[in-house]
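Participant: One structure follows; several queries about it will come next.
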Amino acid sequence: MKNSFFSSLAKFASLSLAFALPTAEVIPSALEERQSCANTATTRSCWGQYSASTNSYTTVPKTGYWLVVQNTTLSADGVSRPTLNFNGTIPGPQITADWGDDVIVHVTNKLTSNGTSIHWHGIRQLNNAQYDGVPGITQCPIAPGGTLTYKFHADNYGSSWYHSHFILQYGDGLFGPLVINGPATANYDVDLGMLFLNDWNHVPVQSLWDKAKTGAPPTLLTGLMNGTNTYNGAGKKFQTTFTPGLKYRIRVVNTAVDGHFQFSIDGHSFQVIAMDFVPIVPYNATSILVSIAQRYDIIVTANAAVGNYWIRAGWQTACSGNTNAANITGILRYTGSSSTADPTTTSTVTASTSCLDEPLASLVPFVPINPVASSIMKTTLTTGGGQWLFNGSSLLLNWTDPTLLTVLNSGNIWPTEYNVIPIESTTANKGWAVLAISGPNGPNHPIHLHGHDFWTLSQGTGAYTATTALNLVNPPRRDVMTLPTGGHLVIAFQIDNPGSWLMHCHIAWHASEGLALQFVESESSILPTIGTADVSTFQNTCAAWKAWTPTEPFPQDDSGI
């Protein structure tokens, strides 16, 4: 790894702070028919930017979402700073679809000095690996000025997010909500949508990378709730309003760089009905532990006394620090409350500092599916020299030579540092991959697998051994689960989705330091799943990236993800 990257980024950070970036350009972000006039009881002739007067023989609406990646100065907590964002907002525009829809998102990179790529977190991408959005694995980065149209099928439903998977970009604001509508395991009256919890700084996250790589991770400054907060008397709190007696669905997501949260609402309990994209048997709670990239759907009944209540994102201090941890809050106001002042409520929740997941016994999938564990792959996580390593190898990708390109060229040999594990469905493994991860003392690690939900067979203290008990009866399944400090995590997933799939720690520093591997799944079946048009798109994106890289001011100096 080269030190030039750190010095270049530091210069970039200081320049960005010294000179204001352009203000946000407002870009349409929803489906066209939702952008202009709505088709309502009194405007039935209207259809977005079209109407009953439109000649349908010559004009057909183009549906999809349009996202623009850009540098702008924003004041999320009252302090102006350079950010990266989609369409001028943090979080970016919500992408909404129904279960079974085909989703089309056009992403344009208006950054002048960096590439980008967008990952649709938790989307299965069945037979669709080319649109998973990981540079160096499923695509080349989108070069400045370029546009890539992502296409995927909503095979699963629930709550998630989309974000940049290029270096540390999402930590500077490059993320947004992704909601796939579908059934729920409990009833409610109002869907309040996504509630984002994230850490935040007043300098670009990139400028902290040098410290994160060479020593202890930096202490982060503050945090945001749905893209807003206060700092030293400036800014504003996130607020939402309840009507007494109604039930509200809230989709909580942790999009932090290095922060684990305990979410609660003073004076309220709630039902938990989903984890990640998996509906669960509802259970009652007064708080939930939310690791990085995890999502929980909760239903809150407005049954407290009319008034104002704090919404809290409690910082989990065992894994990282935050200077203003106690200030990551929002406000719940009841209809009928005459006060607009800050709440005076206190929390009765027992504070947790563990950085662990919700108890496994609480996380019962609503649709029971039993995994198979006939053969187990073992991997050990270690650290040293500013890197994290799986079985002694730290991930290091080449953005111009993604894994999928080798597959498209009928190859099956990758550099050692690509950390490739080939997997195939066989009679011996009965179509299941089982991975036992053992880790050292130190921080917990939220492990995310692309292309699959996985079943958690065991999670606990101590390294995995042949005597470790495995749960094979409807264990929790999701796409992010925590590897405990000095402990183990045993996961299983079905070998049913040809592609190259990244597995990594979702602490951004650790991902950049190489804490990742990839599964090349059913290699001979990957190419047949990619149509000719998609192969052409893939190749054109790589050609544009290769043409731009000779002028790239910031050479790659992290793992690539």
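The first residue you see is number 1, and the count goes up from there.
Glycine is no exception: its Cβ is also placed from the backbone N, Cα and C atoms.
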Participant: For the Cu cation 3 site, Swiss-Prot lists His450, His504; sort out which one of His153, His163, His165, His202 goes with them.
Facilitator: His165
Participant: Out of His121, His452, which is the one Swiss-Prot records at the Cu cation 2 site of His163, His506?
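Facilitator: Looking at His121, His452, the one Swiss-Prot places in the Cu cation 2 site next to His163, His506 is His121.
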Participant: Swiss-Prot records Cys505, His510 as Cu cation 4-binding residues. Which of His260, His268, His445 is assigned to the same site?
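Facilitator: So, going by the record in Swiss-Prot, that would be His445.
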Participant: So which one is it: of the binding-site residues His165, His445, His510, which has the fewest other Cβ atoms within 10 Å?
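Facilitator: Taking His165, His445, His510 as the binding-site residues, the minimal 10 Å Cβ count falls on His510.
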Participant: Quick one: of Asn87, His165, Asn398, which recorded positions lie within 10 angstroms of His445 (Cu cation 4 binding site), measuring between C-alpha atoms? Sequence order, please.
Facilitator: none
Participant: Looking only at Cβ atoms, how many others are within 10 Å of the one on Asn398 (N-linked glycosylation site)?
Facilitator: 16
Participant: Nearest of the recorded positions to Asn226 (N-linked glycosylation site) by CA-CA distance, picking from Asn71, Asn114, His165, Asn327, Asn398?
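Facilitator: Minimum Cα distance from Asn226 (N-linked glycosylation site) across Asn71, Asn114, His165, Asn327, Asn398 lands on Asn327.
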Participant: Spatially speaking, which of the recorded positions Asn114, Asn327, Asn391, Cys505, His510 is closest to His450 (Cu cation 3 binding site)? Use C-alpha to C-alpha, please.
Facilitator: Cys505
Participant: Near Cys505 (Cu cation 4 binding site), how many other Cβ atoms are within 10 Å of its Cβ?
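Facilitator: The answer is 26.
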Participant: I need the CA-to-CA distance for Asn398 (N-linked glycosylation site) versus His165 (Cu cation 3 binding site), whole Å please.
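Facilitator: The Cα atom of Asn398 (N-linked glycosylation site) is 14 Å away from the Cα atom of His165 (Cu cation 3 binding site).
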Participant: Please state whether DSSP places His450 (Cu cation 3 binding site) in a helix, a strand or coil.
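Facilitator: His450 (Cu cation 3 binding site) sits in coil per DSSP, no helix or strand.
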